[in-house]
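A.B. asks: According to TrEMBL, the feature ATP binding site maps to Gly18, Gly20, Lys21, Thr22, Thr23, Arg114. Sequence annotations record features per position, and here TrEMBL assigns region 'NMPbind' to 38-61. Among the features that TrEMBL reports, region 'LID' is placed at 113-123.
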Amino acid sequence: MASTGPRGPNILITGTPGTGKTTLASELAQRTGLNYIDVSQLATEQELFDGYDDELQCPILDDDRVVDELEEEMSKGGNIVDYHGCEFFPERWFDIVFVLRTDNSVLYERLQQRGYTGKKLESNIECEIFQTVLDEAKESYRPEIVHELQSNTSEQLEDNLEKVLAWIAMWQPTPVT
Ligand code: DAT
């Protein structure tokens, strides 16, 4: 019997905490039926941690166990993955990578509302100022599949949804030769 091919594209939505990954990714999943994977939530549920980061005040992800846990699902295709880092995922997993960007003042307010203070707040704002996640994405994936999306306003959220939906609609699996 012929192989049925992947269920759909694998999409990575990354960016500094607070830039709107969960908002965009879960809405996309709802509208497309693609499978939404929140890596932080998965790690919490399955206790895939290895130590604690004192500066960022958050548990350190056990990258290898996260990759092992997701491999089967990712190989089927049709996943939208949400995480604030991206360099430890296998490059072959993703068809496209979106890096959400938010202006410092807007992000500062969002993170304060989330209850971030002191060093944790500062480190996350610095991460956005120095475009740490964007650089990480460009170093880890082919530059032509990495796209920046501005995520400050609800108009930009709608615009981003439209762009990604349009890309999904024209996506075709790479033929196996
Ligand atoms: P993340 O998953 O990157 O941590 P989130 O989706 O939880 O971020 O969003 C953080 C907050 O910002 C949340 O209250 C929703 C809001 N938000 C997200 N995207 C937005 C946008 N484009 N415009 C205005 N508010 C947005």
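Just so it is clear, glycine is given a Cβ too, placed from its N, Cα and C backbone atoms.
Keep in mind that TrEMBL annotations are predicted by a computer and have not been checked by a curator.
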A.B. asks: Would you mind splitting the region 'LID' (113-123) into helix, strand and coil residue counts from DSSP?
C.D. replies: 7 helix, 0 strand, 4 coil
A.B. asks: Within 8 Å of the Cβ centroid of the ATP site residues Gly18, Gly20, Lys21, Thr22, Thr23, Arg114, which other residues of the same chain have their Cβ?
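C.D. replies: Residues close to the ATP site, other than Gly18, Gly20, Lys21, Thr22, Thr23, Arg114: Pro17, Thr19, Leu100, Arg110.
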A.B. asks: For Arg114 (ATP binding site), what is the tally of other C-beta atoms lying within 10 angstroms of its C-beta?
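C.D. replies: Result for Arg114 (ATP binding site): 13 other Cβ atoms within 10 Å.
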A.B. asks: Would you mind giving the whole-number mean pLDDT across the region 'NMPbind' (38-61)?
C.D. replies: 92
A.B. asks: State, in Å as a whole number, the widest CA to CA span among the ATP-binding residues Gly18, Gly20, Lys21, Thr22, Thr23, Arg114 given in the record.
C.D. replies: 15
A.B. asks: Sequence gap of 6 or more, Cβ distance under 8 Å: name the residues on the same chain that satisfy this around Thr23 (ATP binding site), in order along the sequence.
C.D. replies: Leu157
A.B. asks: Would you count the other CB atoms within 10 A of the CB of Gly18 (ATP binding site), including those on all shown protein chains?
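C.D. replies: There are 25 such Cβ atoms around Gly18 (ATP binding site).
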